[in-house]
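According to TrEMBL, the protein carries these features:
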- 1-23: region 'Disordered' (REGION)
- 12-23: compositional bias 'Low complexity' (COMPBIAS)
- 40-60: transmembrane segment (TRANSMEM)
- 42-447: domain 'Major facilitator superfamily (MFS) profile' (DOMAIN)
- 80-100: transmembrane segment (TRANSMEM)
- 107-124: transmembrane segment (TRANSMEM)
- 130-151: transmembrane segment (TRANSMEM)
- 172-191: transmembrane segment (TRANSMEM)
- 203-227: transmembrane segment (TRANSMEM)
- 265-283: transmembrane segment (TRANSMEM)
- 303-322: transmembrane segment (TRANSMEM)
- 334-350: transmembrane segment (TRANSMEM)
- 356-376: transmembrane segment (TRANSMEM)
- 396-416: transmembrane segment (TRANSMEM)
- 422-442: transmembrane segment (TRANSMEM)
Amino acid sequence: GAASGGGMVLREPAGVPSPSSAAGGTAAATAEVRLSRFRWAVLLLFSSYSLCNAFQWIQYGSINNVFVRFYDVSAFAIDWLSMSYMLTYIPLLFPVAWLLDKRGLRLIALAGSALNAVGAWVKLGSLKPHLFPVTVLGQVICALAQVFILGMPSRIASVWFGSHEVSTACSIAVFGNQLGIAVGFLVPPVLIPNVEDVEKLAYHISIMFFMTAGVASALFILVIIVFKEKPPNPPSQAQALLRSRPTAEYSYVQSILRLLRNANFLLLMVTYGLNVGCFYALSTLLNRMVIHHYPGEEVNAGRIGLTIVLSGMVGALISGIWLDRTKTYKQTTLVVYIMSLVGMIVYTFTLSLGHLWVVFVTAGVLGFFMTGYLPLGFEFAAELTYPESEGTSSGLLNVSAQIFGIAFTIGQGQIMDYFGTRAGNLFLCSFLFLGTIMTAFIKADLRRQQANLENEQT
C-alpha cells in the first residue's frame, strides 16, 4: 500500500478476475481499497449514543431500593424496567435488521439516537411517586432505541474499517455500550442519595433525568450532522466483494435461513446467549445482592458494578487487539468462556465473606472475562457467517442474549428470594458450564478471513 490523503491505498491489478466476476462483473477486481480517516469520528459518535442508551438501561437497577421506595412498587417492578430492554428487542430484531440491510447505517443511527432522546425527555414527566407508568413509557421508548443500536458494532466495523483493525473497531463500538453501563452503576448512587424526604428525592432524580435528556439530545443533533452511510471506497477486500455483488442477488429471508442452517453459528448463538444473559441478570440484580450482604452500601454496590464493567472494557479491548493480530477466534472465545465460569464461581463463594474489598477484586476478575466476551461473540459470528450481513448475525446473537437475560433475571431473582444469593449465583454458574462445553464444539470456519486471503492472493 502507498500513503495517500485518505489513508492506506491498495490497487488491484486490472484485468485479473476476482471470485465475484461470475456473479456480477469485475468491479471488485479493479476496486481501490482505501481507509477513510473519517471512520474514527463515526465510531466515536456511535459509541457515545450507545453509551447514553446503556446508561438509561441500568440507571434504575443500580439504585433499585431507592426507586422501589420512591414509586412505592415492588423490586420486581423495578427489575422489569431493566428487562423491558430485553423483551422489546426480541420481536423487533428482524424488522430493524431488515431496515439496516435495505436502508443502511445512517437511517438506523438516526432512529436509534432520536428514540434515545425522546425516551429521556418522557422520563422527566415521571417525577411524582404516582407517575410510575410514565417512567415505564420512557424506558420502553429507550428500549426501542436499543434495538437500533445493539446490532451495529460489527456492521460499522466491517463497513468502515480495514481487515487488520476490524476486531479492534468492533471492540471499541461495544466499549461505548459497556462504558454507559459503568456510568449507570457509578452516577445514580452519587446523584440520588437514599433520603427519606420524597420531595428531595424527586429533586435529585430530576437532576439525573435532565442531564440524560440534554446529553441524548446533543448526540442526536451530532448524528444528523456527522454520521455518514459508508466511506467512498471499500476499506477491505471483503467489503469490495460485497459492493460488487448485484443487489438483486441478496435476499434477506434467504440470508436468515442460511444463518439458521449454519450449525457453528447456531452453537455460537446459544453459547453467546448463555454468557451475556448471565451478565444481564448479574447487572440487574447486583444492587439487591450487595445490599443483602452489606446493608446501606448503595454507593459501593454501584462501584462494584462499575468495576465489573470497567475491567470488562479492558478485556474487550485486549480481546479485539489480540484477534486482529492472531485471528484465533475459536481458541480465544473458549479460553474467555472458561475464565468467565471460573470468575463466576469465585465471585459466588466470596460475596458473603463480609469483606467488600474481596468482592471488588472478584467482581473485577469476573467482569474482565464475562464483559470482555461481548465483542468476541460479534466478531466470531461475522467470521462464521460471511458474506451474510453482520447486522443480521449480531442481531440473532442479541435476541438469544435477551431471551436468556429475561429467563435468568426472573429465575435468579426468584431463587434469591427463596434460597439466598449463593443459590441464585450457582444457578448462573450451571449455565456458564453448559455454555463452555458447547463452545468447545464450534468449528473455526473463518469465512471472512478466507475471502480476504483469496483476494490478496489474486
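Cβ coordinates are placed from backbone N, Cα and C, and glycine is handled just like the others.
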Next on the checklist: Under 8 angstroms for C-beta pairs, at least 3 of them, ignoring pairs fewer than 6 apart in sequence. Is the transmembrane segment (40-60) in contact with the transmembrane segment (172-191) by that rule?
Outcome noted: yes
Checklist entry - Residues of the same chain, at least six outside the transmembrane segment (265-283), with any C-beta under 8 angstroms of its C-beta? => result 58, 61, 82, 86, 181, 259, 305, 308, 337, 340, 344, 370-371, 373-374, 377, 380-381, 384-385, 393, 396-397, 399-405, 407-409, 411-412, 428, 431-432, 434-435, 438-439, 441-442
Item to check | Positions whose Cβ lies under 8 angstroms from the transmembrane segment (422-442), at least six residues beyond its ends | outcome: 264, 267-268, 270-271, 274-275, 277-278, 281-282, 285, 289, 330, 333-334, 337-338, 340-341, 344-345, 347-349, 351-352, 380, 384, 404, 408, 411-413, 415-416
Item to check | Most Cβ pairs under 8 Å with the transmembrane segment (80-100), selected from 130-151, 303-322, 356-376 | outcome: 130-151
Checklist entry - Can you give the mean pLDDT for the domain 'Major facilitator superfamily (MFS) profile' (42-447), rounded to a whole number? => result 87
Checklist entry - Counting only residues 6+ away from its ends, which parts of the chain sit with a Cβ under 8 Å from the transmembrane segment (203-227)? => result 41-42, 45-46, 48-49, 52, 55-56, 59, 70, 105-106, 109-110, 113-114, 116-117, 119-121, 123-124, 127, 187-188, 191-193, 195
Checklist entry - So which residues does the transmembrane segment (130-151) touch in its own chain, when a touch means Cβ under 8 Å and the partner is 6 or more beyond its ends? => result 49-50, 53, 56-57, 60, 71, 73, 77, 81, 84-85, 87-89, 92-93, 96-97, 100, 108-109, 111-116, 118-123, 177, 390-392, 394-395, 398
Checklist entry - For the transmembrane segment (356-376), which stretch among 107-124, 303-322, 396-416 has the most Cβ pairs under 8 A? => result 303-322
